[in-house]
Structures are given as structure tokens and as C-alpha cells.
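What follows is a short report on a single structure.
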Amino acid sequence: RDEEANRRLQQDDDAGNAANNDGAGERTEFSTLGPELKHEDDDERRANLRQWLRSVVVRRVIFIFVALSCLLMAMESPTAAPDTTTATVLTNCDLAASIFFMLELCVKLFAFGIWREPNSFLRQSAWNWIDVFVIVSGMVISIVLKWTFVPMPSDVRKGLEVFRSLRPLRFVAISPSVKHVLGTLGRSIAPLRHLVVVMVVLFCFFGILGVQLFAGTFYSCSEPTFELRSNCTAAGHKWVNAPLHFDHLGASFTTLFSVLALDRWVDVMWDGVDAVGVDHGFVVNYNLSAAIYFITFVAIAAFFFVNLFVSVLIEGYKKSKEQGNADGSPFLTAKQNAWIRSHHVVLNLIPQVDYDDDHTQEHNAFDSNFVKFRRRVRRVVRHPLFDVVVYCFIVVNFIVLAADRHPKSETMDLLVTLANTVFTLCFTVELTLRIIADTPSRFFFYRWNQFDTVIVVTSLASLVLEYLLQSTTFASFFRTLRVLRLLRLLRKARRLQIVLKRFVLTLLSLKNIAALIVLVFMVFGVMGVKLFGRVARNEALARRSNFSNFGNALVMLLRMCTAGEWTPVMDRCAATEDSSDCSRRLDNCGLNVVAQLYFVIFITVGSFVILNLFVAVVLDTFTADKQQDFTFLSE
């Protein structure tokens, strides 16, 4: 009985354990069903959100907000008082833009994921990392600048403003064309890495040699009559160093880069020739043999390596085009290249109209006097001498316009006015005859005829303004437009037409590079205003060439990038109290090392890389094969 009882108890325990296991299984099934449904809902929600973020409307809205925030940031002035209404409004708008961009980033991170998924936001592109850095740093800096009640040092504030000036880089992440041209640019400059290594070795050799030869010898007294340092300081004057010197290796690199760019390198060479020694001022032509050092560096670096740099850059551009198998410019997307090829077809495949078989034949039964008159006019217009006479009129009219001068006699003024009137009437008659001969619909079919009509109408408008309204200002403007008639000579110059078409195609191919240049100028312009907007003026920072506002900064950057003369500007922006008349208390001194890095990087990117890319694209366009592949028309 005891064994039977124990066996029954064991069976009851087994049955209870089985029931518990079944219940646990049921609880597990029901407990996991909810999270699975929730996970599926989250995936569907994130998929819809990703599709919404990729839509054209959302991307355009983000682009507009980025553009507006950059425009407002460019309107900020470093010389304006922070408590003015304009400054307060701009600060609040910047904070609102930062909040909007932060919300945009949070939505993107939720939709795409941060890192774990293969197609997460940070794994999609390296530019997304820069986008995150720009947004987060901009948000933090906006909050710090808005609600910091402790007085902040000027240098610290400028450093924070530099990170805010990187906001235009957001255009790279949201613009596929700019991202594409930067990727192509990276592949084009990849072959330069070996040349850059050689240039670094060359700079190190000449830099160390320059320190050994000229360290401490470029000093002079603020009063030129004193040659020795002891006499200069005893008289109460300053013993100042030259802006470009060789006191240490970093300063040698900056000086050699200025010599490499051929900007004021002659002045640096004469400083080396006049250098005597430490604690001794300049003496004219003291050491003429020092010129060998600078001439040798210019011959090796400026004449050889710079041109080699351009050649390798152009060759890298060609290899990038070959590797991409692009039928067109590698700096353009596939759709943009297809659009340019179709535009090339339009320029070359304009249908020719047979005017001999015109619609007047179907009116033979109603042959009127007007039809006979049109036929006579058509024979006159089609005669070869008619075009010759018209082209002679155009050339003579240009000579008359070029003969205008100031001051001029009344007789000369009367002759020029009479000649312009006669030529305008002649061209009006010529245009009328062409319209009658070809019929208006056929005449205005060609753009050259439309161009002729605009020129004749503007010439008649100038006569009306000159004789009826007595307005010489607008009349002179419209009269100047007559010079454009010279473009009509292109009708008979086939080679000039080819050059003009190539020029148009080159402009179309430079679209993305132009966008990149605008981006570079915007970043460096805003950064220059934040860093050097309050620097004291001198000959280098003139009334219109300075960094006091964004417009002046763009003009300054364009001047430095094209015409040179950037070294004096760098010297002023790197000025300190010891080397100039600025005052740290007035916050009108520069930033020494920061200014040197700023100008060296801009000249390298702007003058040596981007402008030479223009050369590469122009050469590629003008040397392209005349055979065009029109298979894309069937797509």
C-alpha cells in the first residue's frame, strides 16, 4: 500500500509539472506575441519615415532651411553691438535653426538607425559623420553663446564661432551633385600623394636650411636709423621681426609657401640679402650670396613642382574619367551628362528648311502682287552680295562706335549720332526684308534671327530715348548693345561657331565645380569674418578689402585667389601687440598661427586645386572627340 501510494503521488507530481510546463509555454507564446507585433509596427513606421525623408519635398525643405541659416549667419557682423535688435534677432534665428537641425538629426537617426544596422545613418557615408558633427557642435555653441552670462575671452569666442562657420558643409550631405564632385575630386588628387611626399621633403630641407642661415636675422628697429638692438631699445623704439622670417621650422614653412606661390617672394629674398646677424638690423646688399637660396627654391619648387602638380592633377582627372567609364565629365552625374549630350545634339542637329518649296505654291491660283513682291525680295536677300553688304555695315558701325571718346567736339558728336541713326535704319530695313522674304514663322524659327531682332529693337529704343525723351543715360546703354552685332559674323565662321559651342558645353560641365567653389568661398568667407572681422585696418586691409562683413570677405578671397597679394593680408591678420599698432584691449589684433593656417589652406585649395580643375575640364571639353554617341536617345 505504501508503494502504491508513493507511485500515485509521483504520478500526480508529474502531471502537475506537465501542466505547469504547458502553462509556461502558453505564457511564453502570448508574452512574445505582443513585442513581435510591436517590432513589426516599428519597422513599418521606420520604413515609412525613411521613404518620407527621401522624398523630394522634404529634401528641398531641408535645403532651403540650410540656405536660410547660412544667409542669416552671413548677415552677422563682428563689429555690431550684441545688444542691438538686429543682433538679438539673428541670435534667436540661429538658435531656432540649430533646434530644427537637431530635430532633423534625431528623426534620421530613428529612421535609419545609428550604427547597428548595415544601412544605418553613420554607415551610409562618411559625410554623415561630418553632418552630425556640424549639427551637434552648432547646437551646443548656440546654447553656449546664448545663455553664457560669464564674460568669455575673445579668442575662445572666435574659436567657437569657427565651428559654427562650418554649417555650409551640410550642403555636401544633402546635395548629391556636390557629394559626387567631391568624390571625383578625391579620386583625381589621389595620384598627387607621391608628389606631396616629395614636396614635404623639399620643404623640410629648405626649411631647416633657412633656419640655419636666417634665424633671428630678420629683425629691425621701428626707427630705421638704428641698426643695433641695444641702441633701438635704449631710444624707446621697438625691435620688431619681419612678417615672414625663418626663426623656427613652422615660420620657415609659411615663408617658403609664400615664395612657392610667388607672392612677395622678391621682398623676402631682399630681406635675406640685407640680413646681417642676430640683434643687428638690415644693411643693404650685405650678403648677395643669400639670393642663391631663394632663386634655387623658386626654380625647383615654383617652376618645376607647381607645374608638375598641375600636370598630375589633370592626368588624375583623365584617369578618373576613364575608370568611371563616363561619357562626359566625371564631375557630373549620369543624368547631368545625358542632359549635356542631348543639348549638344540640339546645337548640332537643327533641321534645315527648304525655302524654295514654300507654301506659296498652294496659293498659285491666288497669285497676288504681294506674292510676287515677296519673291523679288527673297531673290535680293538670298543674293551673296546682300550678306557682304550687311557685314560691311556691321564692321563700319563697330568702327564708328569705337571712335567715340571724351571729350569730343560737336562736329564729331554730330557725325557719330548721324552715323548711328543711318546704321539703325539700314539694319531695320534689312530685318524687315528678311521677315518678308522668309515669312515671320520661318524667320523667328532660328535663334540668330531672334537675336538680330532684339538688337534692332534695342537700337530703335535708343533712338526714341535720345530724340524724344532726351534721356542720354539709357540711350548710351542701348547704343552699346549694338556692338553685339559683331556676333552675326559667326554665321560665316564655322570654326568660331565650334569654339562657341565648346564654350557653352564647358560652362555646363562646370556646374558642379562652380557649386563646390561657392561652398568653399562661403565657408572661408564666414570663417574669415568670425576670426578677422575686428582686425585693425592698414594698407593691406583697406576700406573695401577686409573681413568686416561677408560681402567684403568674398571680394577679399576672390582677389587673393586670382590676383595674389595675399601675404600682406595674412601678415595683418596675424599681427600681435608686439609686432604692430593693434591693441588686445580693443580686440583688434589678429591670431598668429590661426591666420597662417587659414590663408595657407585657402590658397592651396582655391588656387592650386580648384582653379586648376577648371583648366582640366576646359582642356577635356575642347579636346573631346568630335564623334558623339547618340545611342542614349533611344533610352
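Every residue gets a Cβ built from N, Cα and C, even glycine.
Annotated features, as they stand in TrEMBL:
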type: COMPBIAS; residues: 1-11; note: compositional bias 'Basic and acidic residues'
type: DOMAIN; residues: 61-323; note: domain 'Ion transport'
type: DOMAIN; residues: 383-628; note: domain 'Ion transport'
type: REGION; residues: 1-33; note: region 'Disordered'
type: TRANSMEM; residues: 56-75; note: transmembrane segment
type: TRANSMEM; residues: 95-115; note: transmembrane segment
type: TRANSMEM; residues: 127-149; note: transmembrane segment
type: TRANSMEM; residues: 196-219; note: transmembrane segment
type: TRANSMEM; residues: 290-314; note: transmembrane segment
type: TRANSMEM; residues: 384-403; note: transmembrane segment
type: TRANSMEM; residues: 415-436; note: transmembrane segment
type: TRANSMEM; residues: 503-527; note: transmembrane segment
type: TRANSMEM; residues: 597-619; note: transmembrane segment
Contact between the transmembrane segment (290-314) and the transmembrane segment (597-619) (at least 3 Cβ pairs under 8 Å, separation 6+): yes
Contact yes or no, the transmembrane segment (503-527) and the transmembrane segment (56-75), 3+ Cβ pairs under 8 Å, gap 6+: yes
PLDDT averaged over the residues of the domain 'Ion transport' (61-323): 85
